[in-house]
Amino acid sequence: MTQTLAPEAPVVGPVVVAPRNWKGAIVMAVVAQITLAFALTTGSVEVFFSWNDTGQPAVIPATVVDAQLICLVLAVIAELCAVAAFVFVGMRRKAPLILTFVVAFTFLIALVASVAAGSQSGNIPVVFLLTGTIGLSTAVIFGSLAGVLGERVGVTNIAIEGQLLGGAFTSAVVASVTDSLILGLVAGMVTGALLSMVLAGFSIKYLVDQVIVGVVLVALMIGLTNFFYSAALSGNSEELNFPGTLPFLPIPLLSDIPVIGPVLFDQRPTTYAMFILVPAVWFFLFKTRWGLRIRALGEHPLAADTVGINVNRWRFWTVTVAGLIAGLGGAALTLGSIGPFVREMSAGQGFIALACVILGRWNPFLAASAALLFGFSRNFRIWAGQAGSTIPPDLIAMTPYLVTLIAVAVLVGRAVAPKAVGRPYVKE
Amino acid sequence: MSAPVLEPLPVDAEVDPAARKRPTAREVLSDIASGGPLRILLAVFLSLVVGSLLIVFTNEDVLDTLGYFGARPTDFFGAAGKAIGEAYAALFRGAVFNYRADSFEAAIRPLTESLRFAGPLIAAGLGIALSFRVGMFNIGGQGQMLMGAAFAGFAAANLSLPWGLHLLVAMAFGFIGAGLWAGIVGLLKAFTGAHEVIVTIMLNYIAVSLITYLMRTPVLHDMDSGNNPTARAPQPTAQLPTILGQDFSLHLGFLLCIAAVFVFWWLMERSKLGFRLRMVGLNPDAARTAGVNVKAVFIVAMVLSGLFVGLAGINQALGRTGTFGPSIDAGIGFDAITVALLGGSRAFGVLFAGLLFGAMKAAGPSMQVQDVAPEVLVVMQGLIVLFVAAPPLVRSIFRFLPEPRVVVRTSAPKRSLRATAAEAPATQAPVAQVDTAQGDGAGDSTATAKKESPL
């Protein structure tokens, strides 16, 4: 850089030295030590990885391994990854993302194995753990996709929580009244979009701070859904709050594959929609002209305006489309899961989605991975409770939030958020 | 409303395009603050209208008359009027004065209940307001309240101290808990740049899990009293005494919350520290240039914010005779955000907003008796804040409202004027002109700067 600016100046030594960033490697090393601690504290007990869906005939026999041995192997892998990360940083290069994933996976498997070792049966229901993870993270993934779209175009959407709640409510009610699950889905999506329009309208037209509108919208949706729930739904749940659920649609052949089949190819339409939307949003954002425009609007709206993009109109409609996705996430909570609406059933998942957006560095795939981590921990808590784990369930519940906090503070820190996020654009 | 809220209307978006550039949270908040009582009244009125619609169209009798609306529309209006009238009468009886009661004590009990509910809302609202004025969003009221309540509850149940001293020590514990919890946010923001919205939301969840865990262990829990997570009841020496005799449950906590309003006012409007806090809120870059340690201000501001929120937690934990569970915060941490917004982040604005929302909370059971779902009040609270937050919206609904005052602006745009105000208070001549234009903005700091010596 110095050379281009002042070619006549003699350059001594290396021109640009990238700073070493040890934070990621240190965190990986810490996680690897915890994995090692699992290995050292777990007794030498046999555990069974059962690969079959509950109630299905056994296709593959359960794998029997020694809990201590597998924890030890995983810990060694984790340690190697951590060392590799240090080497990369030492060479002033960025450690590949795959190392982080491997360390995280080894940690999770070692955790599961050590809990199973402490339980009566020593059984690890792999399919249950995976399907539960996907089921519990569906809404969060939809929400985080909406969040990624919103923040990429420059609008902070705190109201995702309200959109999930509103989508869940209207989809359940409309599906019950019209007896059509499709109409219910549409109604949920429209609700999400309408809330997005309110958010976008207030923040773009009236220039109200986006965080304020978002928080108020969440409060408003909690109040509205609670009000209608106790004023109308609770006394008349047969007619108004009994939508049924979307059917499981097993994909022929693929759903017969062991483990992967029941986890990925025997799901409800909302889950399939999620599988499609994550890569679709990624492709849209990073591989299409529209996506480029959206990202430009989030980074430098003035530049986008200069080349003739109508900033506020694009922001309005992008956020509205994001609202459709968030509303679908709400419908996934009711129609795609348990059916009827329950008071405050989103239970903070919209806020978690927001954290996943940051944790996932505004990338749909990474945000979805972060959401899966939350889903896994919620599911793990259920399973650990059943398996009779000695780890207090409250502390398990706390872990993903703690991980997010550490990740946001240590790893992401001054993350490369879209530069203009949260700021309304006003033409000079 | 109080004096600071009665500031002149700000230059509005449509009037001055230059002023529309990138309003910060602080500017928006000052816009809300300077809304004037008329607009707040109209916002309350609008929310009452929407609330009435909700009440009417969920009322069984009214819906019955809709079936033959074409034949006898008067029935519908009669039933609708009756439903609305009964609902708001119940609101009045539940929040202010129960004219159906037998004795005077019973009749004014609703009023004291409203005050009791308002206390923690005011205290927590002040905490959130403080963070707003430093340009930060403290969404972590829930976690800070829980920490305050748990620490105070721990000291109140486990220590044995004489009357008076015990209460003070328990309160000190509560302040330490809440202040430390909030301080984490400030530290992370100052040193890692983590966004406080995410950090506070995560800390809320962590606090809930942590306190629930501790409420299952001997640290907070009486192990002989079942498996549900609860904290031991505070000892009588550490309970906040009632102030209106045994008939009313209003306790000393309310007076402490009122005192907090004055502390907040003095801190923010009169103290040197408050001046720095506001400087950072107005323009952190200018504050840095003027020699303010912005990072330190972030940390101090979050701790102070946590102290006010912690008072709400202390009020909840010590203002009772029985045990308490992890839901001790009762949603106050989140409601406090709306209180702070409605109160324009001003001491007395928050006081009135807290009283209003406290009254609405107290009226819930009475509305329930009248067969109106009390959640309609939550909707109305949200709507009030939404309407107050968007002045042009209210103005477009009520066309008769005066257009915002137009001020001829001759010099540089807003932001640089602000910088001038913060950096060089001595050069008042060109800045003072803008006072009326910006309501709270630069005018505020300039006005203060005139009285105080610069930093």
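Yeah, the Cβs are placed from backbone N, Cα and C, and that goes for glycine too.
Taken verbatim from TrEMBL:
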TRANSMEM  A:25-47  transmembrane segment
TRANSMEM  A:67-90  transmembrane segment
TRANSMEM  A:97-118  transmembrane segment
TRANSMEM  A:124-146  transmembrane segment
TRANSMEM  A:158-175  transmembrane segment
TRANSMEM  A:181-204  transmembrane segment
TRANSMEM  A:211-232  transmembrane segment
TRANSMEM  A:272-292  transmembrane segment
TRANSMEM  A:316-339  transmembrane segment
TRANSMEM  A:351-375  transmembrane segment
TRANSMEM  A:395-417  transmembrane segment
Proximity of the transmembrane segment (A:316-339) to the transmembrane segment (A:158-175), 3+ C-beta pairs under 8 angstroms: yes
Contact between the transmembrane segment (A:272-292) and the transmembrane segment (A:351-375) (at least 3 Cβ pairs under 8 Å, separation 6+): yes
Winner by Cβ pairs under 8 Å against the transmembrane segment (A:351-375), considering only A:25-47, A:67-90, A:124-146, A:158-175, A:211-232: A:124-146
Recorded stretch that, among A:25-47, A:67-90, A:211-232, has the most CB pairs under 8 Å to the transmembrane segment (A:158-175): A:211-232
Tertiary contacts of the transmembrane segment (A:67-90) (same chain, 6+ residues out, Cβ under 8 Å): 20-22, 24-25, 28-29, 31-32, 35-36, 38-39, 42-47, 96, 99, 102-103, 106-107, 109-110, 113-114, 116-117, 122
Long-range neighbours of the transmembrane segment (A:211-232), counting only residues six or more past its ends (CB under 8 A): 156-159, 161-163, 165-166, 168-169, 173, 195, 198-199, 202-203, 240-241, 341, 343-344, 350, 422
